[in-house]
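Asker: If you scroll down you'll find the structure; I have some questions about it.
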Amino acid sequence: METPLPKAPEKRQVTAIIFLLLLWEAGSATIKYSVLEERDSGSFVANLAKDLGLGVGELAARGARILSKGNKQYLQLERKSGNLLLKEKLDREELCGDIDPCILHFQMLLKNPVQFIQGELQLQDVNDHAPEFLENEILLKISEGSHPGTSFPLKIAQDLDVGSNTVQNYSISTNSYFHLFTRNHSDGKKYPELVLDQALDREEQPQLRLTLTALDGGSPPRIGTSQVLIVIVDINDNVPEFAQRRYEVQVPENTPIGSLVITVSARDLDAGTHGELSYSFFQYSNQIIQAFEINSITGEIRLKKALDFEEIQSYHMEVEASDGGGLSGKCTVAIEVMDINDNAPELTMSLLISDILENSPETVVAVFGISDPDSGNNGKMMCSIQDHLPFLLKPTLENFYTLLTEGALDRESRAEYNITITVTDLGTPRLKTEYNITVLVSDVNDNAPAFTQTSYTLFVRENNSPALHIGSVSATDRDSGTNAQVTYSLLPPQNPHLPLASLVSINTDNGHLFALRSLDYEALQEFEFRVGATDRGSPALSSEALVRVLVLDANDNSPFVLYPLQNGSAPCTELVPRAAEPGYLVTKVVAVDGDSGQNAWLSYQLLKATEPGLFGVWAHNGEVRTARLLSERDAAKHRLVVLVKDNGEPPRSATATLHVLLVDGFSQPYLPLPEAAPAQAQADSLTVYLVVALASVSSLFLFSVLLFVAVRLCRRSRAASVGRYSVPEGPFPGHLVDVSGTRTLSQNYQYEVYLAESSESQFKFLKPVLPNFLGEGTGGDSETNSNSRNHFGFN
């Protein structure tokens, strides 16, 4: 609300200082553009509709307007296309002078609803000005007694451009007496100085003419020149000295023309013409010589032109005192212009609506801007309207206000309002400006319901029970009776694929919202819809709000192992060389979790291993690595069970079974492990059955062979002579005949076990290798025939 002004209890005020940069129905962001100066009128700057994300024709529908400070408009808006154009050619030097960067502020006003958008246009400098010396010829008197190394300041060149386009360097024409030194000043300017290289002789050369060149940094660069006339004078012992090196003075901007500003004073200890002093401006600009003049004899500086604080706040110049012998001294004069309250505030009306519907609170009546070119308290302003009126002044952007209805208007009580807007500054004396407007009230019957919030956010945990109450929306109507009775409804969703009717319902009387079914976070994380509130007036009015439902994740999904596959097919066996170093990467368990957040954070650990301590699992990435060096004593086959666990509450887990085979080299074959299913008990039982069957068949076969040999031996023993044994001539191997009389055989039998991929065992029985003897009692070597084996398979 407004703050009362002293001595004005009948007015309400809003202090602009407190509410600077406060935005109403608009964001605080500023759109910024830049354009080169001197571009033609109508040049394209930007497309506001595109940059602001507005639809085609929305700027025209909302009556978009460009507002600038004061009455000067530099920009224009094409509402249909949204293009922002230059209204006229802009000269950076005229608008900003030596201020860099040069920024022009503007605002865009939108209606329905009212919205302000702050904008900045930066004028970029082009090198359209060349350096310029204020004097075509610079006179410099130098005593012939000056020592080498003495420096003599020269007058600088002026360049209206800024930055790199202003003066960057000076040069002097070639000569044998001087060279040029450029000094960088704290104000950013560069000052040329002549430095004496060798002693001067007036009798040999009484004067010298040089050319001073100033070069800017533009592309292409521009130059300016001035002639330097050096007059060599007789030896002068003393240099003029000012009483102060720097003079400072404050001058009110309303000081009359011709008034004395300040007097500078210097003295010279020489006598005669060498002691006579003459004062003049040394380093100065056009603005200085237009505003001030100096008495060459007395050193008085007087006002030549009326000062204006709003244009120039301070002046800096160098004053030179020269004696008759050519020597000179210099001092600096700083003149600060003091602001006085000589400008009344200005009010610029941007939007005015004369007809306002009754019972329409916060309806915009007018939009206007205020300004005061003064500074300090003289430029601070307060804005107010009369008291006891149902209207409110609301600051929007800096020095922009909106006049709107504060409460319900009743046309039957009062059909017309005369409002006086008063803008007062805080200077001494205070100046003010008044603006009168007339507002007519149009008759209506009711007010639309208004939601307590423009948007609602509801949280529902997944796997909820159907018909769960998830939240409420609420709207109120400023009317009474049936006009204030509000009913709620779900509006058609903007997303045609959202089955809103099967997700939520609303109680039409109280706005309670219910979930119609159990929600699944993995299928639907969030959804939004609009609800409407309609009163029962005639005609009925309604409003709407946005409801956003966020489904909270529950830990209802266990981790799923992607690798190694756990689908009951052939097991995946990892080969590890026995020469592997500790930390050797065996494999990596890859798993995912359908949940989110910490419910999907997975950790890995080794749950079971054939030989604990041989392998390890990294907790965060599932990498299976060797924990130590492998040895020949380590079993060749290993079975690892890796546990994958999420971070939910309660946690869920899954296991992955790995088979590892230790090999001496990757080139040798390996036997797959018999287990395909993770059930260890079933695999152990199958192994027992296979061993028992193998032992039984082997025993039966061995018994049959022994019986056959015994029968043959018995038959031969009958025909053999006493103490003598005979070996048949056929291919029967002699090593199967018991010649020692102990009736035992020395032949060994062996078998292999072949494990097929179908997890069913196959046995391969091998017949002993029978060597061919060269002859009885020869004692020759035997040769193994590997092709004489018989295979027997059992499934």
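Including glycine, each Cβ sits where the backbone N, Cα and C put it.
So Swiss-Prot lists these for the protein:
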type	residues	note
SIGNAL	1-29	signal peptide
TOPO_DOM	30-690	topological domain 'Extracellular'
CARBOHYD	N169	N-linked glycosylation site
CARBOHYD	N184	N-linked glycosylation site
DOMAIN	243-347	domain 'Cadherin 3'
DOMAIN	348-451	domain 'Cadherin 4'
CARBOHYD	N418	N-linked glycosylation site
CARBOHYD	N436	N-linked glycosylation site
CARBOHYD	N567	N-linked glycosylation site
DOMAIN	568-671	domain 'Cadherin 6'
TRANSMEM	691-711	transmembrane segment
TOPO_DOM	712-795	topological domain 'Cytoplasmic'
REGION	776-795	region 'Disordered'
COMPBIAS	781-795	compositional bias 'Polar residues'
Asker: May I ask you to report the DSSP-based helix, strand or coil state of N567 (N-linked glycosylation site)?
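Answerer: Assignment for N567 (N-linked glycosylation site) reads coil.
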Asker: Restricting to the chain of N418 (N-linked glycosylation site) and a gap of 6 or more, list residues whose Cβ falls under 8 Å of its Cβ, or answer none.
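Answerer: Same-chain residues close to N418 (N-linked glycosylation site) (Cβ under 8 Å, separated by 6 or more) are N436, I437, T438.
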Asker: Which one of these glycosylation sites has the most other Cβ atoms within 10 Å of its own Cβ: N169, N184, N436?
Answerer: N169
Asker: Measuring Cα to Cα, how far is N169 (N-linked glycosylation site) from N567 (N-linked glycosylation site) in Å?
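Answerer: The Cα atom of N169 (N-linked glycosylation site) is 81 Å away from the Cα atom of N567 (N-linked glycosylation site).
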Asker: Work out how many Å separate N184 (N-linked glycosylation site) and N567 (N-linked glycosylation site) at their Cα atoms, rounded off.
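Answerer: N184 (N-linked glycosylation site) and N567 (N-linked glycosylation site) have their Cα atoms 81 Å apart.
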Asker: What does DSSP give as the helix, strand and coil breakdown of the domain 'Cadherin 3' (243-347)?
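Answerer: Secondary-structure composition of the domain 'Cadherin 3' (243-347): 10 helix, 46 strand, 49 coil.
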Asker: Taking helix as H, G and I and strand as E and B in DSSP, count the residues of the domain 'Cadherin 4' (348-451) in helix, strand and coil.
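Answerer: Split by secondary structure, the domain 'Cadherin 4' (348-451) comes out as 4 helix, 56 strand, 44 coil.
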Asker: Tell me the Cβ neighbour count for N567 (N-linked glycosylation site), meaning other Cβ atoms within 10 Å of its Cβ, over all protein chains shown.
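Answerer: That number is 7.
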Asker: Across the whole of the domain 'Cadherin 3' (243-347), what does the mean pLDDT come to? Round it, please.
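Answerer: Averaging the confidence scores along the domain 'Cadherin 3' (243-347) gives 87.
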